[in-house]
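Straight from TrEMBL, the features:
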type     : residues : note
DOMAIN   : 1-447    : domain 'Major facilitator superfamily (MFS) profile'
TRANSMEM : 7-23     : transmembrane segment
TRANSMEM : 35-54    : transmembrane segment
TRANSMEM : 66-84    : transmembrane segment
TRANSMEM : 90-109   : transmembrane segment
TRANSMEM : 121-141  : transmembrane segment
TRANSMEM : 153-173  : transmembrane segment
TRANSMEM : 194-213  : transmembrane segment
TRANSMEM : 225-244  : transmembrane segment
TRANSMEM : 265-290  : transmembrane segment
TRANSMEM : 302-323  : transmembrane segment
TRANSMEM : 358-377  : transmembrane segment
TRANSMEM : 483-503  : transmembrane segment
Amino acid sequence: MSQSFQFGYLSDVFVISLASAVLGDINNDIGPSTAYSWMATAQIISAAVLSPLVGRLGDIFGRKTFLLLGNTIGAVGCAVAATAHEVSTIIVASIFIGFGAAMHQLAWSCLAEVVPRSQRAFALGLFQVSLTPASLFAAVIGKSLVVHASWRYCYWIPFALDIAGLVLIVLFYHPINQFYNPERKTKFQQFKELDWIGLFLFAAGLTLFLLGITFGGSEFPWKSAGPICMIVLGFLTLVALGFYEAHASLEYALFPPVVLGNIRGCTMVLLTTALAGMLYYSTILLWPMMVEKLFAKDQIQVGWYCTALGAGGVLASPICGWAFRKWGKFARYQFTLYAMLLTACCGAQAHVGINTNISCTVLTVLLGMGLTGATLCSTTMVQLGQKHEYIGIATAMAITARSIGGCLATTIYTSIIENKIGHNLVPGIAKALLGAGLSQAELPEAIEAIVEKNAAILRTLPQSVVDAGLIAMKMAYINAFKLVYYVSITFGILGCLAAFSTAEVGHLMTEKVDIKLREGLAAKDRDTDEKK
């Protein structure tokens, strides 16, 4: 049964991981385009915006329909991307892939509601293990496909998974009474009474906010009016949404006050999740860059190094899930412990140097373990802290909180790296080359060759000059990486405090199962209008 919705979620992890690993190769083939990074960014933003909407609609109308729709939209997006001949086409396809991903993330709620509440963390941990092919080997697979076949298979593989998931859901996933309808209203009546104003305010506000922080410093300078206006308008729209949701009397509110009003059981969990996402994305952003600039000798080696983060998650998932099941009455202490592990490892990564590949890899594995533990804790705690009719929106908010934290972190960390590299890279290399005996006249061409790794020009230079220039370039990046990791410690400390402020959920870990399934190939959906 779980494979029904697991295939769709595995497709999402594969497509974002594979695409992120080969963005440059795709751009070299069908580009060039200065916007090529949006092939990955578009997926993240569209999923973050739609996820709470789908989560809430799944609570009201049931989740199966949205799972089927997610597989369909995801498959279409993957097919378009796989056959694209322009980067802009893949960016548009990535938006649809992100929409499908938002619906696939309902898998976290679908699995949780069909197992006893006491077993949810362990079940989710095993679910995470099933993502091993994508979370552990996606970078290696992506680089290997580029070398030995074509980057287009990075989209055809998720396409096949979406189709398989679609078929399995139709045949085997038959939840009973998976929706909230206490007043026995028709679907059309419920549709009319949806929180349309809230839907618009959230979608518009979050889209503007995320686009603003994404465009700032990359597409446009931070001082330009475009990013600033989008960030301010997005933030004010989200503030207006908060006041509207708090004071409007709505049957089907997008963000029910009873959910966000649960400060320790929901809001503090979401805050911790966002801050943990900021630590996680420091590694997501920096680790591939560190490997490429400091440690690896070729692209396949880059891919193997990048398995470190996924390896930590795969190893920790069942252990952390078992620990939560065993010591659920100490849930917030476990949550705090994982936040502390993330903070400590991010801080320790600031020791990065030219020859620290082993220690940095070990720390990355530990970061993956800490993130997995924090994710399992946050998801389980936010689910247990709400009535079942709100499990979809609560889970979706946790997913979106991590994405928002990640977008903020990426903006901050990217700005730090660009500023440090912009100020120190060329002067540092120039000083090293002059010290190694290179003449002033040869300096511009030599600097460009070292930065671009132009082998033809480098072969014409003395080896001592090349070595001095490469070391100087590595030191410029090392200093930038150190500063980013130091900054991330601040977010980690705040995350630890927020995690310690969450509510215990041990008393809620009962043997109750919220949703039952009709099993078998011939089973029919038998949803009733009975109140759960």
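Even glycines carry a Cβ here, placed using N, Cα and C.
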For the transmembrane segment (7-23), could you work out the same-chain residues 6 or more beyond its ends whose Cβ comes under 8 Å from its Cβ atoms?
36-37, 39-40, 43-44, 47, 67, 70-71, 74, 78, 81, 94, 97, 100-101, 103-105, 107, 130-131, 133-135, 138-139, 141-143, 145-146, 151, 154-155, 157-159, 161-162, 164-166, 168-169, 303, 306
I need to check the long-range neighbours of the transmembrane segment (35-54): which residues 6 or more away from its ends have a CB within less than 8 Å of a CB in the stretch?
12, 15-16, 19-20, 23-24, 26-27, 66, 70, 81, 87-88, 90-92, 94-99, 101-103, 105-106, 199, 202-203, 206-207, 210-211, 214, 218-219, 254-255, 392-393, 396-397, 399-400, 403-404, 406-407
Beyond the flanks of the transmembrane segment (153-173) by at least 6 residues, Cβ under 8 Å:
1, 3-8, 10-12, 14-15, 18-19, 21-22, 64, 67-68, 71-72, 74-75, 78-79, 81-82, 97, 100, 110, 141-142, 145, 517, 519-521, 523
Highest-contact recorded stretch vs the transmembrane segment (483-503), from 66-84, 121-141, 225-244, 265-290, 302-323, CB pairs under 8 Å:
265-290
Looking at the transmembrane segment (358-377) and the transmembrane segment (121-141), are there 3+ C-beta pairs under 8 A, with each pair at least 6 apart in sequence?
yes
List, by number or range, the same-chain residues at least 6 past the transmembrane segment (265-290) whose CB is under 8 A from its CB atoms?
139, 259, 302, 305-306, 308-309, 335, 338-339, 342-343, 346, 349, 352, 360, 364, 367, 371, 374-375, 378, 381-382, 385-386, 394, 397-398, 401-406, 408-410, 412-414, 417, 477, 481, 484-485, 488, 491-492, 494-495, 498-499, 501-503, 505
